[in-house]
Amino acid sequence: MYASYVVLLGSCFPIMRYASIHFDTVNNNAIRFLAGGILFLIMVIAKYRNEVSKLLAEPVMIVKLLLIGVLMTVNMYFFMNGMQLTTALTGSIFSILGMPVATIMASIFFADERKKAANPRFIIGCLLSIAGSFLFIFNADTTGHSENFVLGSAFWVLAITIAAMQNLLVKNLAKDLHPVVISAATATIAGLIYLFIATATGKIQELSTTPDSLIIFLIMAGMFGMLVGMLMAFYIIRKSGVITFNMLQIMAPLSTAIIAYITLGETISTIQAFGAAIVVVGCTHSLKANRVN
C-alpha cells in the first residue's frame, strides 16, 4: 500500500503540472474535483450506503465534511497555482516543508502522533529529510523565472499549511466514517464551489474553445488524482496517522523526477538528485521508527 502510494503520487505531479499549463486553475479544479466526486459517489451508492445513514444521523460530521471541503478548495487553489509557477519535481519536494507543520499540529491534538514525534529515530529521519529538501530547493534552476519561483513557493507554503489543518480533521472524522464517503463529500463540495466560481467569473466559457481531447484528459486525470491524492491519502491517515502520511508524501520526489523527465522534459542536477536521495533515506529512517512504535 505504502509503495503503491509513493509511486502513484509521484506520477500525479507531472499530470497535474501538464493540466495546470493548459487550463485555468478554477476550471481545472472544477472538472477534476467533480470527476473524482462523481466516481466516489458511485462507489458510495454501490457499496457504502450504510455510511450515509450514519452521516445523516450525526450533524457534527456533516459540518466537519463541509469544513474539509472548503479547506480542500482553498488548498488546491494555492497548490495548482504553485504547480503552474514552478515545476513538477519542485512541487513534490516542496511538500517536505509541510512535515514540520503537520507534525507539530498532529502532536498537539493526538497522543499517538506525539509518541511518534518523540521517537529519536523519527527526529533524526526528519532532520535528514528537511536537509535534503533544502539542498534541492536552493539548487533549483530558476534562471529567468526567479519572480515566478518565489511567488510559486509562497503558494506552496500556503497550500501545505492548509493541508496540515485539513488532514487533522480527516483523521478525526475517519475514526467514524469510511474514507470513501469522506472523499465523495470533499471532492463534490470542492468541485461545486469551483464550478460556481468558474460560472460567476465567466471563466467556464474558456472550455468552449478547449479541444475535447484535453477535457477528456482532465476528467481522467481528475479521477486518477482523486483516487490517489484523496482516497488513498485519507485511508493512510485513518490507518497509520498524519505523521506517517506526511513521511510517505515526501518519498515521492524520485518517482516524480523519473516521470517528469520522461513526460515533461524537466531535468534535475546531480546536487538535486543527492538532495532527493537524502530525503528518501531520512524518510525511510523515520518510517522504521513508526513501525517500532
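Cβ atoms here come from the backbone N, Cα and C positions, even for glycine.
TrEMBL lists 6-137 (among others) with the feature domain 'EamA'.
The transmembrane segment annotation in TrEMBL covers 30-48 (among others).
Summarising the annotation, TrEMBL assigns transmembrane segment to 60-80 (among others).
Marked as transmembrane segment by TrEMBL: 92-110 (among others).
Taken from TrEMBL, the feature transmembrane segment applies to 122-138 (among others).
Here TrEMBL flags 150-169 (among others) as transmembrane segment.
Under the heading domain 'EamA', TrEMBL lists 152-284 (among others).
Sequence annotations record features per position, and here TrEMBL assigns transmembrane segment to 181-202 (among others).
Remote same-chain partners of the transmembrane segment (214-236), defined as residues 6 or more beyond its termini with a Cβ less than 8 Å from a stretch Cβ, comprise 1-2, 4-5, 8-9, 12, 15-16, 19, 22-23, 28, 31-37, 39-40, 170, 174, 179-180, 182-183, 186-187, 207, 244-245, 248. Here TrEMBL flags 214-236 (among others) as transmembrane segment.
What TrEMBL lists as transmembrane segment is 243-262 (among others).
Residues or ranges marked as transmembrane segment in TrEMBL: 268-287 (among others).
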Any contact, the transmembrane segment (181-202) to the transmembrane segment (60-80), with at least 3 Cβ pairs under 8 A: yes
